[in-house]
Amino acid sequence: DRQTLVAVLQFLRRSNLRESEEILRREARLLGDDLGGSVATVASSSPGVAAVAAVPPGKGGARAGTAGSLPGAGGSPLRAGPVVVSDCIFASSFRLSYKLLLHGNAFAVGGGVVVEDQPDVSAVLSAYNQQGDPTLYEEYYSGLKHFIECSLDCHRAELSQLFYPLFVHMYLELVYNQHESEAKSFFERFHGDQECYYQDDLRVLSSLTKKEHMKGNETMLDFRTSKFVLRISRDSYQLLKRHLQEKQNNQIWNIVQEHLYIDIFDGMPRSKQQIDAMVGSLAGEAKREANKAKVFFGLLKEPEFDVPLDDEDEEGENEEGKPKKKKPKKDSVGSKSKKQDPNAPPQNRIPLPELKDSDKLDKVMNMKEAARRVRLGPECLPSICFYTFLNAYQGLTAVDITDDSSMIVGGFADSTVRVWSVTPKKLRSVKTAADLSLIDKESDDVLERIMDEKTASELKILYGHSGPVYGTSFSPDRNYLLSCSEDGTVRLWSLQTFTCLVGYKGHNYPVWDTQFSPYGYYFVSGGHDRVARLWATDHYQPLRIFAGHLADVTCTRFHPNSNYIATGSADRTIRLWDVLNGNCVRIFTGHKGPIHSLAFSPNGRFLATGATDGRVLLWDIGHGLMVGELKGHTDTIYALRFSRDGEILASGSMDNTVRLWDAVKAFEDLETDDFTTATGHINLPENSQDLLLGTYMTKSTPVVHLHFTRRNLLLAAGAYSSQ
């Protein structure tokens, strides 16, 4: 990407890093002194360019995570240390400007992290200088439109994808070159032809009417710096190319070359329905290469336990040192095989915390509960227990429920975090240090004695944030609670003392979501700065920074094996990141609005996602394909959860309903043959109504959280709204 290269060279020159500039210039075979204007030659095939070419956000996931070590693996967490480009090292004085992370424009070279400065705005926009006659733009566009509309049906659907990106770039080109009246007329004439799911983007675009407006507009900059990806069959592409060359329509051909990435595949063109299912994100579809990497989606081997039959010998002979699993996700009777799942990551791929005695005790309890679990299915739907927050005038913004369903937490817009006990057992704090010193530490009931009965209550309020609390998450062992807020921090609270232990500061803007790993210790956060961060509870700095989304990271989820993290974003894509090395290993496009909920199936093979478009999409993680679409909700889906054995998917929405879907049926007989995987020709069933098992209305309560208890009772939560 020549623009980016020039911007980096300009930055090096401004920073007086002459030596580095020379090396980069030699590597990239860039000659000539005039950095701002034309650059003499760029030998695009040279290995040097490949080594330092920037990876724009839409292209395979730019990243700022390296294969640095995770704590516990004997190494220190990822730090912004010296930055390596080829064989020159600039010291940390190379400003790791967070602005750039906002634009996801990081590129990795070798093992170090190279984070380029925010691409020079003028360099980015200067591509719009080479424009043709402004009065002919409407003619060019309508000529192409006429050609596409008159082409054969099989090509028309594919070539119609060009309308939107060409419209945006031609409009921006007119505005940049100060042909304001032509731009206005162009916009008014053609904006009605664009697909309905681009309406929000067009609204932003319509406000950019002067060159000055473009400089500070992030949406615009993203559109410029990331190539819009279109997936088109070879036949359709040849047709388009021939037409543009015959008509000598260089203006449009230049935009196609400069700003679009056309992912060409061999085979039948896709139908309108197949294309509509996959498009709609800020930067077009994902390239097929983006979803080719191997993903270990299997589960880690469960620690082996002798479950005591009676309740006396609670401890049992437990095996030491196996990683902790939040839920025994498989069937507790038949499939508890000791074999390693062939798709599972190596047991020690990432360091996981050791099991404590209390964890083992909890696992035994969990297995006993699992033995009494209800087997759900179309004939046996779960009972639903709804927790309604009444008089929540503080504004309920987040909810979480502990794995054993004993506590519920609410995050509120008045910046408080409130924890309730939902069992008869009240919440108690540990006694003061003076009182603790009087306790006999050898007694059997020492864990009971350290609790202060005087503090017992069913509600505890935690104060500390200075803005609305947007995300909450209990640790699997129920000793800790995370909360994230508009104030840019994530706080870790102790549920023994009900005080704040740590405030993690890394995000500079609101943090929209946070979640503990199913094994505890690690947690993830995502926010308005467009990146997700991986943390460990005992480190002040993030261990990984996952950069690549083009807009806010709105929700985050750990894979059941804790080796991967899924993030949903307002750029309408979902990304799957590898915790080990920070790479983006999957990009899923298809939603037509910001993503607000994510859920992994208990076996780790599938991901369900919900968004403001009211659709639940189902993804096969191994093949990187969309395998289902569940339509029924009429508003944003804020909650998704699979039942403990994965037979049922529950979805909760702002339309005041909980819906239950048949997950077994949705995932059976999947056509994931090599052709489908290679071309993305997905065939979704016409109607998802036969997968809908039930719809449950609340009186006037939007559903913000869902949780299946260990025995498969469904708990739902939300705040009553009187409107």
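Even glycines carry a Cβ here, placed using N, Cα and C.
TrEMBL lists 132-260 with the feature domain 'TFIID subunit TAF5 NTD2'.
Annotated region 'Disordered' per TrEMBL: 307-359, in sequence order.
According to TrEMBL, the compositional bias 'Acidic residues' annotation covers 307-318.
Annotation comment: TrEMBL describes 330-341 as compositional bias 'Basic and acidic residues'.
Taken together, the residues in the repeat 'WD' (389-430) have a mean pLDDT of 92 on the 0 to 100 scale. As annotated by TrEMBL, repeat 'WD' applies to 389-430 (among others).
Among the features that TrEMBL reports, repeat 'WD' is placed at 462-497 (among others). In the repeat 'WD' (462-497), helix, strand and coil residues by DSSP number 0 helix, 19 strand, 17 coil.
What TrEMBL lists as repeat 'WD' is 504-535 (among others).
Residues annotated as repeat 'WD' in TrEMBL: 546-587 (among others).
According to TrEMBL, the repeat 'WD' annotation covers 588-621 (among others).
Per DSSP, the repeat 'WD' (630-662) is made up of 0 helix, 20 strand, 13 coil. Taken from TrEMBL, the feature repeat 'WD' covers 630-662 (among others).
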Which residues, given as numbers and ranges, are at least 6 beyond the ends of the repeat 'WD' (389-430) yet have a Cβ under 8 Å from it? 326-327, 362, 365-366, 436, 450-453, 455-474, 476, 478, 481, 483, 485, 487, 493, 495-498, 704-705, 707, 709-710, 713, 715, 717-720
Based on Cβ pairs under 8 Å, which of the stretches 462-497, 504-535, 630-662 lies most in contact with the repeat 'WD' (588-621)? 630-662
